Amino acid sequence: MXNIRKSHPLIKIINSSFIDLPAPSNISAWWNFGSLLGICLALQILTGLFLAMHYTSDTATAFSSVTHICRDVNYGWILRYLHANGASMFFICLYLHVGRGLYYGSYLFKETWNMGVILLFAVMATAFMGYVLPWGQMSFWGATVITNLLSAVPYIGTDLVEWIWGGFSVDKATLTRFFAFHFVLPFIISALVMVHLLFLHETGSNNPTGIPSDMDMIPFHPYYTIKDILGLFLMILALLSLVLFSPDMLGDPDNYTPANPLSTPPHIKPEWYFLFAXAILRSIPNKLGGVLALVLSILILIIIPLLHTSKQRSMTFRPLSQCLFWLLTADLLTLTWIGGQPVEHPYVIIGQLASILYFMIIIVIMPLASLTENYLLKW
């Protein structure tokens, strides 16, 4: 009798994806983040679903409904903070996952990589719209500032902004549609994740050496299932520590003040995971230029496979490229710090230099360093 795991039309898909999947024998803990992202997505959909049962997307009651969830709904407070801090864990895992792809040359799986960039955009859009829903000061003004950037689009800009707002300012219509999109996007993301995995399983996983590992594969279960469970426990530990000990550490105190269109907060800034983009946006003293730089700071990931000039895939044996990779990491951390600072000297110039360096490292310095390494190895 055939094994149901290998014969059932539905179960055999799961089997070939998570159980009998051949995986390289030497993939490190940096390969854990894919599964962690899947768990983050499931957690966000689950907590979000229960929050949506009690939330009202109306400007008059949105803020009160969030307060009601935290005060009156059974375990509503933990749902709300798991959802808010779960987003932070999601982005930590996302950035580490992308960083892993850059370091080990995983971007040469072009379909998987491009799908990943689309996923990154979708998750960022979802997180932005979710931040608007509690209808606090930072929600309202963040929505106003970011949607207003679209007015920089030549000719159709103003019409575009008013179309997205559903009126002449961020108001009732905006909140309702943002809630609708915020609810539906995670399900679209789930479908895109399936496509991402489909493309990945066409080629199989990369590994730290960057050398094809077809001759040395092991089954995903039990080796990597147990390894992923360890990663999961560590992530849950970090998330619960955050939720139970300092749930507001990563939030903005301004968001505990109900939205007021007549009073602008002194510093309008996004959540920490968008600060690097905010710093790049405001380092250019021109609206359209800033918006282009903002979009390109993420869209640049699409062209990274074209900028790969090294004869080696991974950075494991390339010290020069390694130094530049960690310089890029430090540069992004600098941009994140600058994004949270007021627009004054010396933060402005630091932000501008860090922004220039960010694009220079990716477009010019790294490809040149790779060519240099090829030359030094007489390739």
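Note that Cβ sites are derived from N, Cα and C of the backbone, with glycine treated the same way.
Per Swiss-Prot, the feature transmembrane segment maps to 33-53 (among others); the stated evidence is similarity to another entry.
Residues or ranges marked as transmembrane segment in Swiss-Prot: 77-98 (among others).
Residues or ranges marked as heme b b562 binding site by Swiss-Prot: HIS83, HIS182. Counting every protein chain shown, the Cβ of HIS182 (heme b b562 binding site) has 21 other Cβ atoms within 10 Å.
Under DSSP, HIS97 (heme b b566 binding site) is assigned to a helix (H, G or I) in the three-state scheme. Around the Cβ of HIS97 (heme b b566 binding site), a 10 Å sphere holds 20 further Cβ atoms from the protein chains shown. Marked as heme b b566 binding site by Swiss-Prot: HIS97, HIS196.
Under the heading transmembrane segment, Swiss-Prot lists 113-133 (among others).
Here Swiss-Prot flags 178-198 (among others) as transmembrane segment.
Other C-beta atoms found within 10 angstroms of the C-beta of HIS201 (ubiquinone binding site) number 14, with every protein chain shown included. Look at HIS201 (ubiquinone binding site): DSSP puts it in a helix. What Swiss-Prot lists as ubiquinone binding site is HIS201.
Sequence annotations record features per position, and here Swiss-Prot assigns transmembrane segment to 226-246 (among others). Sequence-remote contacts of a segment are chain residues at least 6 beyond its ends whose Cβ falls under 8 Å from one of its Cβ atoms, and for the transmembrane segment (226-246) they are 29, 32-33, 35-36, 39-40, 78, 81-82, 85-86, 88-89, 93.
Residues 98, 102, 105, 107-108, 110, 113-114, 117, 120-121, 124, 149-150, 152-154, 276-277, 280-282, 355, 358-359, 362-363, 366-367, 370 of the same chain sit 6 or more residues outside the transmembrane segment (288-308) yet have a Cβ under 8 Å from a Cβ within it. The annotation transmembrane segment is assigned in Swiss-Prot to 288-308 (among others) on the grounds of similarity to another entry.
For 320-340 (among others), the entry in Swiss-Prot reads transmembrane segment.
What Swiss-Prot records for 347-367 (among others) is transmembrane segment, and it gives similarity to another entry as the kind of evidence.
Taking Cβ-Cβ distances under 8 Å and a sequence separation of 6 or more, the neighbours of HIS83 (heme b b562 binding site) in its chain are GLN44, THR47, GLY48, LEU51. Here the transmembrane segment (178-198) lies next to the transmembrane segment (113-133) in space: the count of CB pairs under 8 Å, restricted to residues six or more apart, reaches at least 3. Beyond its flanks by at least six residues, the transmembrane segment (77-98) meets 30, 33-34, 36-37, 40-41, 43-44, 47-48, 50-51, 66, 69-71, 116, 120, 123, 127, 130, 235, 238-239, 242-243, 247, 250-251, 271-273, 301 of its own chain at Cβ-Cβ distances under 8 Å. Cα of HIS182 (heme b b562 binding site) to Cα of HIS196 (heme b b566 binding site): a distance of 21 Å. For HIS196 (heme b b566 binding site), the same-chain residues that are 6 or more apart in sequence and have a Cβ closer than 8 Å to its Cβ are THR112, MET115, GLY116, LEU119. Here the transmembrane segment (347-367) has Cβ contacts under 8 Å with residues 279-280, 282-284, 293, 296-297, 300, 304, 307-309, 321, 324-325, 327-328, 331-332, 334-335, 338-339, 341 of the same chain, all six or more residues outside its ends.
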